[in-house]
Amino acid sequence: MLARRPRDPLQALRRRGQELKLQVDSLVTESQLTGALEPSKRREIYQRCIQLKQAVDENKNTLQKLNKADEAAPVGNYEQRKEEEHSLLEKLACQLQELAVSISRKDALKVEAHSDKEEDDTTEDDEEETGGEEEESEGDGEGKQEQASPKQAETETVTYIALGDFAAQQTGDLTFKKGDVLHIIEKKPDGWWLAKDAEGVEGLIPRTYLEPYNKEDKLESSEGSEEGGEEDGEEDVEVVDETADGAQVKQRTDSHWSAVRKAISEQINTVDVLATMGAIPAGFRPSTLSQLLDEAGNQFRASYFLQPELTTSQLAFRDLTWDAKAGTIMSRPSRVSLILTLWSCKMIPLPGTSIQVLSRHIRLCLFDGSKVLSNIHTVRAVWQPKKPKTWTFSPQVTGILPCLLDGDCFIRSNSSTPDLGILFELGISYIRNSTGERGELSCGWVFLKLFDASGVPIPAKTYELFLNGGTPYEKGVEVDPSVSRRAQGSVFRQMISVRRQPQLLVKLRSLNRRSRAMLSLLPETLVGSMCSAHLLIFYRQILGDVLLRDRTNLQSADLISHPVLATFPLLLEQPDVMDALRSSWSEKESTLKRAEKRDKELLKAEFLLVYHDCVLPLLHSTLLPPFRWAEEETEAARWKAIADFLKQSRENEGSLKALLSPDGVHKPFDLSEQTFDFLGEIRKNSG
């Protein structure tokens, strides 16, 4: 028998919230005696703390999904009550997190004290064993010496010199200045070594700031310095050997100082230099998807996938067919057709002050684990100075939301590969303050498979995805190794550090009837913004009219005079002009009557008029600077030029006056503005 749905879900959640509050208050009161409790009791409190935190998070998730329509009877001040409950749950979550951190710190201090005591005991035992060894036979003594020598080599203190200044980032780090001599106590495989300075202060330091120290080399001539450099290179090789066990994916971040010296003579990759200098986390890489966009021409751009594809015989269109009964292009279902919402990115590491971030964004595409199967779609993120590690999407703006900021994306694919999924790559565009050099870095990536091992589509829900460092072709690389480094040695720290890992929140939404019908008019493979999907459909319908309905000879490959078909693909690479078209069409659509909106031919005719009146003048105006990604001044100048043009057109009821004005200067006419060469624009058949 099916369980009955609660009649008052909000009231039930509020009741559950009060129960959780009582449990949290009781746990906090009990924890006040933590200092006098046994370790087993503290562990029990910590486990209860984690369980309560999970229960609070579940309540928060359920609360977010609640709507007023879920209530069986009207509820007064619904939104206010919901907000109050959300605030209570947030407060409880903070209390539990603080309590967990407090307990874990106390345990960590006890573990460290216990370790010191064990080391003292071990020293005494070693002295006793040494005395006993002298009484043993000579052969046994030699055997024990052979066994002890590797251990002695590992714990032997090595002297290094600091190559730069380092300020402690967290408790336990050791602050030092350039030129300080440091004694290495323990070399850890994660790259953070335990060291002691000249004053005897111990702490963790990054090995990328160190170089072996040799007093004789300091007194020798420049020739001796060069020999010292060669010895340093050998030491770098030893470092690689030490970290090779279980850390092979981190090879790109090994021998950092050697890479810097090499960069001076061989001009190695800028990213390696930035990582060596500590300007970026070790897991950052040059953006893979950005390089594909730059180097592959048109192959991974939306304009390429928007064009029709020919059949194997090259005599017809494979994905653009005419529906004579409906009088328009035929809808085409695909294996994957869904809407994806980008919610937020959390705990994204910050780059250093030596580089200026120009843009934070996500690039996404369809991927099978080895190759990209669709266009690469880009969504720009926004952030607040108070929360610089959190990126959000679809901000509230005055007027229409720019399609570049729209976090709602449609995903379509007809690929039959069982490993089909969505590849997300977080990136930043930057400029180096010292050299003015520009570039794009990947801040992490994640691959979400769309089908399980049985070939069943994954459910439509919200996914919390933890990011990987490196490139999509590297495995096991962390975005910021310092996060997991802090979690070593304590189960409690490991559990808390999970929430500090860089992560991406996305939601997969299933389609309703209207959305499915709309997206089925798009190409079988395409990723794009939902806010511009209706404009892409207009283009495909006009493309079908021209290529399938109006051509007298379907075998003719002559050039076609059609400015919309010739120029519309340019809009996909100029999102601000696409926004101008969206705005103009929205204003025009608001003036149409309901009966007119149902007339498809009338809508297409009106769309063509709006396009001619808005887009064509902007594309060929000299007042509009060329589009350049992540150049703030250029983007601002383009926005101003577009806004001024739209304002004039609105005031003069059209763009004719602006076009005929002596102030309006346009580029020389080119035949490509009117000519549509559909064979030149056709996608090559992948089969």
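First residue shown is number 1, and so on along the chain.
Note: Cβ is positioned from N, Cα and C throughout, glycine not excepted.
Swiss-Prot lists coiled coil at one of the ranges 10-30, 388-408, 493-513, namely 10-30.
Remote same-chain partners of the coiled coil (10-30), defined as residues 6 or more beyond its termini with a Cβ less than 8 Å from a stretch Cβ, comprise 45, 48-49, 52, 55-56, 59, 62-63, 66, 70-71, 75, 78, 81-82, 85, 88-89, 92, 95-96, 99. Tyr304 (phosphotyrosine) sits 55 Å from Tyr46 (phosphotyrosine), taking the CA atoms of both as reference points. When the domain 'SH3' (155-215) is classified with DSSP, helix, strand and coil residues number 5 helix, 27 strand, 29 coil.
Taking each of the modified residues Tyr46, Tyr304 in turn and counting other Cβ atoms within 10 Å of its Cβ gives the largest count for Tyr46.
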